[in-house]
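Enquirer: Before I ask anything, here is the structure I am working with.
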Amino acid sequence: MENPHPLDLVPPVAEEGEEEEVQRECFDTLPLFVLSNILARLHYRDLLALSQCSGTLHGLVCDDEHAWEVRCKERFGPGELERVGRRLGLDLMASTWRRKFHRVVSFAKDAVREATPMLTVEDNTVMHFSRFEDAQRMLEGISLGDVCEFILARGGLHYGQSVRGVGTRSSAGASSRGSALATHARVDADAHPDDNASTSSSTSMPQPPLIDRGAPSWHPSANEKPPRPPTLLVLAGIVECLARSPTIFPAKVLRLLDDVGLGGERVRIQMWTLGRLEGVGFRLRDEVIVHEGTLAELVAGPTEVWEALLRGIKYEVRDMEIQVVGPPKRTFWSSWGAGAGQ
């Protein structure tokens, strides 16, 4: 028998209305182990979108508790999932791994969204620490993976790109194939579906939640720089990683800041504490303590800075202020003086 020409093996081009149906049929006919490997390498948002393409995919995604357990262990460090679960009142023993993942990541996404306006200030603007403290209270319990995806990703990283050392569940070949089909799925993100939802019909199956409403709307161009996340929001995320979660090493945070180019952002923290006079057993006056430096310098420096930021205005600390240090603003008189000197 004569071997067929390679071009004869290429399937015919589908019509515009048939393209989506052809992709669904091709995906459903893949062997189970191949399909499972593809799904295991997708980002969770692409995975949830892809699960709406057919009942088979929906069942594989929703019922594979082992895969969701692996995602939880890769996303959250020791104690992070339990700490946030207790805050949300989530019964970790009775809940499925899929529900744990959805609830905790949804909480982090909502917390960052609410804290962002509070921590968005102009450079050289002095902000009272109570405002930072209120935003920090909203972010309490978020993990390093949440900081990478919902805070550092604002610097132009697409949510599917893994930051070095965090979120490494991606494979270029498998992920691109699944993401191409996932773009045809409509995803709605607000409800948490029942874990026991039926998966027998692809027409009546419930829509699984998309943790974030979509990828960042910024797309790179030749002469445009990506939007930068608020420096104080990044600082608050680092406080959660280094002060509240002692299992995170500063070296990992430094690598993340280097990856997104935010290590050079400069902040100034000023504290007024009760001081002592020499030879006197009680406190008589205030002392002013200033911590100023780039984010990278503060991360590599002593840990008492992060402990003070987490503790806030308490005990011997009477007041605190914080500001993002930027280039000084040029006024009319400064430019006038510069021109006169030339």
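Glycine too: its Cβ is placed from the backbone N, Cα and C atoms.
So TrEMBL says this about it:
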DOMAIN    24-71  domain 'F-box'
REGION    165-226  region 'Disordered'
COMPBIAS  165-182  compositional bias 'Low complexity'
COMPBIAS  185-195  compositional bias 'Basic and acidic residues'
Enquirer: What are the DSSP helix, strand and coil residue counts for the domain 'F-box' (24-71)?
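Expert: When I sort the residues of the domain 'F-box' (24-71) into the three classes, I find 37 helix, 0 strand, 11 coil.
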Enquirer: Grab the pLDDT values for the domain 'F-box' (24-71) and give me their mean, rounded.
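Expert: Residues in the domain 'F-box' (24-71) carry a mean pLDDT of 80 in this prediction.
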